[in-house]
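A.B. asks: Quick one: structure below, then a few questions.
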Amino acid sequence: MGDFNLALVIVAIVVCIIVLLFNVYLLVNYQHPDDKNQAYFPKFVVVFGLSIAAISILMLPADVANRQACRRAIYNGACNLTLPMKDLWIAVYIVDAVLVFFIIPFAMFYYEGDQDKSVTKRIKSALLWVITTAIVCGLVLGILYGVIGEVDFTVRHLSSNTTTFPSTWDFSSRQPCIGSGVHQCSAYLTDASSEKTWTMRATFPEYIVALATIVGSVLFAIFGGVGIACLPLGLIFSFIRRPKAVITRSQYIKEATELGKKARELKKAADALHQEERSGSKGRKWRKNVKSVEKELLQLEEDVNLLEEMYPQGEKAETSWALTVLGYLAKLVLGILGLIVSVAWVVHIIIYLLIDPPLSPFLNEVFIKLDDIWGLLGTVAFAFFCFYLLLAVIAGAMMLGLRLVFITIHPMKWGATLMNSFLFNVGLILLCSISVIQFCATAFGYYAQATAAQEIFGHTLQSLRGIKYLYKYNVFQIAFVVLAGLTFVYYGAFGWRKRKLSGRFQLSS
């Protein structure tokens, strides 16, 4: 069994290296050409942040495997060779919180600073914002921890009478306790007044993780609830709205001319906004206009890509069109598979979390049976369902970002993603990854029982004073399911329609 524990450590190291290399690959291929050979600090933050997010998701399956590492050990020292999962959880999420609230904001403020200013002035400006944020966060955390940083556990005082030690043992369903003719143990005969509240102070690291989880849970319930529906349905309706045939050259010239006019209007609007920024007039109207320009620019890029798909050019035009058709077929297949996973998630939340007592363990039983087929099969499926929630969060943020003024658009595009968009999405993933882990630890409590994650997220978090009621009444789960249902209805009613091209673009006055 000691060899198994050692193998688990080796697998964990190898997985961390693979995750790091994969994130470097993503950065290299997604980065914008303007960011090549520069912006090294934001790039380091992006790779490190993505690695922490991926590792934190993989730690829950590792926690389950670590729990089983010494279950059948034949010597007492076997459990000393397992991974210290609780310490690792705390360390990962402290790093997560530091990245989300300090490092990533500093990198974004520095990267988005006025390029005409010197490096020193940009660093000072970014540090000013981050230090102000740190002071405010420190004061809030300190006050909250000092006032309500306690955990209230509900316990029941059990007692029973003494009896003579028997010479023989005869237990059955009708005779569960010691004593002739005793059909119910004395400890279970206590009344409701025996329930008491056992109060203890939470550790400060656990309290930081708890508050970060609350912030992430709000975003997770909103973005995840919308994304769990729009992720698969967006792929399916993208296939439905696909171009059915290649357009003629005259149609292409007409559409390209219109897009060229739109591009010139957007450039003129962007120059006007830049001039306003230089003059220092960055009010509410300016931010609204920036949002409008970003939205129109994103839609213009989509229209350009669609036009290129409808009129492939060059010597390999037929091959290009064939690949376009295959791409939309792949979206349909992935959308159907994603829809199955999304429905499974929603059904599992309803029958296992919202109904008390649960109707069925559902996905918990699926993972256990997959583990019986092959040791890592259930773990892989478990990790996939957790990662799928993260993808749903990103999809939901993108969808709402296109429709709500107060959410900034940060699209991720292959070979055309600026570092500020990278940093924003990494921060969103890190913040929501804490909630995804807590959500999965609760949703798959039967499969992930007796793990370090259950101790942190299942007991301490759900008993924390002032916060426990959000989990007691399933506020986040209910919001998640309601938003998922509304998004399904919205896509069923409007998702199949093709977006109409907007008219002449003008800034609001």
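Every residue, even glycine, has its Cβ placed from backbone N, Cα and C.
On a predicted model such as this, the values are computed, not experimentally measured, just so you know.
TrEMBL lists these features:
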COILED    256-310  coiled coil
TRANSMEM  6-28  transmembrane segment
TRANSMEM  40-62  transmembrane segment
TRANSMEM  90-111  transmembrane segment
TRANSMEM  123-148  transmembrane segment
TRANSMEM  207-240  transmembrane segment
TRANSMEM  332-355  transmembrane segment
TRANSMEM  375-402  transmembrane segment
TRANSMEM  422-447  transmembrane segment
TRANSMEM  475-494  transmembrane segment
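Mind running through what each feature is packed against?
C.D. replies: If you look at the transmembrane segment (40-62), the same-chain residues 6 or more away from its ends with a CB under 8 A from one of its CBs are 8, 12, 15-16, 19-20, 22-24, 26-27, 31, 83, 85, 88-89, 92-93, 95-96, 99, 103-104, 107-108, 110-111, 379-380, 382-383, 386-387, 390, 419, 422-423, 426-427, 429-430, 433-434, 436-437, 440-441, 448, 451, 453.
Here the transmembrane segment (207-240) has long-range neighbours at 89-90, 93-94, 96-97, 100, 141, 144-145, 149, 328-329, 331-332, 334-339, 341-342, 345-346, 389, 391-397, 399-400, 428, 431-436, 438-439, 456-457, 460-461, 464, 467, 470, 476, 479-485, 487-488, 491, 495-496, meaning same-chain residues at least 6 beyond its ends whose C-beta is under 8 angstroms from one of its own.
Under 8 Å from some Cβ of the transmembrane segment (332-355) lie the Cβ atoms of residues 228-229, 231-236, 238-239, 361-364, 385, 388-389, 392, 442-443, 474, 477-478, 480-481, 484-485, all in the same chain and six or more residues away from its ends.
Remote same-chain residues near the transmembrane segment (422-447) are listed as 27, 30-31, 42, 45-46, 49-50, 52-53, 56-57, 59-60, 64, 93, 96, 99-100, 104-105, 107-108, 111, 209, 212-213, 215-217, 219-220, 223-224, 348-349, 352-353, 361, 363-365, 367-368, 378, 382, 385-386, 389-390, 393-394, 397, 408, 410, 412, 453-454, 457-458, 461, 471, 476 (criterion: CB distance under 8 Å, separation of at least six residues from the stretch ends).
Nonlocal intrachain contacts for the transmembrane segment (475-494), taken as residues 6+ away from its ends with a CB within less than 8 angstroms of a stretch CB, comprise 217-218, 220-222, 224-226, 228-230, 233-234, 237, 342, 346, 349-350, 353-354, 435, 439, 469.
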A.B. asks: Can you tell me which recorded stretch out of 6-28, 90-111, 375-402 has the most Cβ pairs within less than 8 Å of the transmembrane segment (123-148)?
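C.D. replies: Answer, by Cβ pair count: 90-111.
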A.B. asks: Would you report the average pLDDT that the model assigns to the coiled coil (256-310)?
C.D. replies: 81
